[in-house]
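Trainee: Got these off TrEMBL a minute ago, pasting:
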type     : residues : note
DOMAIN   : 1-128    : domain 'EamA'
TRANSMEM : 24-45    : transmembrane segment
TRANSMEM : 57-77    : transmembrane segment
TRANSMEM : 83-102   : transmembrane segment
TRANSMEM : 114-135  : transmembrane segment
DOMAIN   : 145-279  : domain 'EamA'
TRANSMEM : 147-168  : transmembrane segment
TRANSMEM : 180-201  : transmembrane segment
TRANSMEM : 207-225  : transmembrane segment
TRANSMEM : 237-256  : transmembrane segment
TRANSMEM : 262-281  : transmembrane segment
Amino acid sequence: MLASVLWGTTGTSATFLTGGVSPLAIGATTMTLGGALLFATSARSSLAVVRDRSHRGWLLAAAAGMVVYPLTFYAAMDLAGVAMGNVVSLGSGPLFAALLEWRVDRQRLTLRWMLSTAVALVGVALLVGGGHGAGSVVDPATVPLGVLLGLAAGAGYALFTYSAGVIVRAGHGGRATMGAAFGLAAVPLSVVMLVTAAPLVATVANAGIAVYLAVGPMFLAYVLFARSLRELRSSTVTVVTLLEPLVATLLAVAVVGERLEAAGWMGLALILVGVTVLSTARHPRQMA
C-alpha cells in the first residue's frame, strides 16, 4: 500500500519542477538513479540474472520495457494531465499484459477480459472526449497525444512485467530480476539524462525533487513491491496497486489544480472498474 502511495505522488511532485525541465529528463533521471540503486543493493543476485544466457532475451525485453515506460509515462502526464496520464498508463498495463499472454503463451482471452477491456476503452474515450473542464491547467489540444503516450507506457510496463515473470519462473528472485532489468535500462537512459537533465540540477529545489523521485517512487517503492509479492497473494497485491491512480487523481485535483468534467470522472471510474475486474480474475505470476 505504501508503494502505491509513493507511486501516486510522482506526477504531482514533477509539477513543482521549475526552469523548463522536460518529461524526458524526469523519466530518464529517476530511472537511471533508481535503477542504479536497485542494482547496487542486490548486485550479486542481479549479476547472476545478467549472466544467465538462457533467459538473456527476456532480460533485454524487460529492460526495453523499462526504457520505454518512464519516458512515455512522464510525457503522458505532462500532455494529458497528472490524473489522466496516470490512469491511462496504469490502467492499460494489465490489458497489454493479457494480450502478451494470449500471443506468447497462447492463453485464451476470456469473456471477462473482453468485457473489462471494453469498459476500460469506453473510459479512455470519455477521458479524451471531455475529460478536462474549464479552468483546468491542462491544454485540451494535447490530451489525445498524452493518452497515446500513456498507452505506450502501459505497453512498456506490461512488457517488463511479463518478461520479468519468465525470468522469475526460471528460478531467479524478484528483487534480483528487478535489479538486473532496471540496471540495464539505466544504461541507455543515462545518455538521455546527460543530454536533458541540466535543468534538474539548476536549483536545489529541483535536485531535491529529482532525488525524491529516484529514491522514493522508484527505489523504495519497488523494494516494497517485491517484498509484498513474497508476503501477500499476488491477486491482492495487484488490486492494492490500483490505489496509485486514485492517489494521483486526488493529488492532481487538490494540489495541481486539474479540473475534470463529469465525463472525465466517469471515464476514470470505468477504467478503474475494468482493471479491477480483470485483476481480481487473473492471478499474476509471483516474483518471489
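Each Cβ is built from the backbone N, Cα and C atoms, and glycine gets one as well.
Just so you know, TrEMBL annotations are computer predictions that nobody has curated.
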Trainee: Please list, for the domain 'EamA' (145-279), how many residues fall into helix, strand and coil according to DSSP.
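Mentor: Going by DSSP assignments, the domain 'EamA' (145-279) contains 119 helix, 1 strand, 15 coil.
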Trainee: Just to be sure I understand, if DSSP states are collapsed into helix, strand and coil, how many residues of the domain 'EamA' (1-128) fall in each?
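Mentor: So the domain 'EamA' (1-128) is made up of 108 helix, 0 strand, 20 coil.
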Trainee: Can you check how the pLDDT averages out over the domain 'EamA' (145-279)?
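Mentor: 84, rounded to a whole number.
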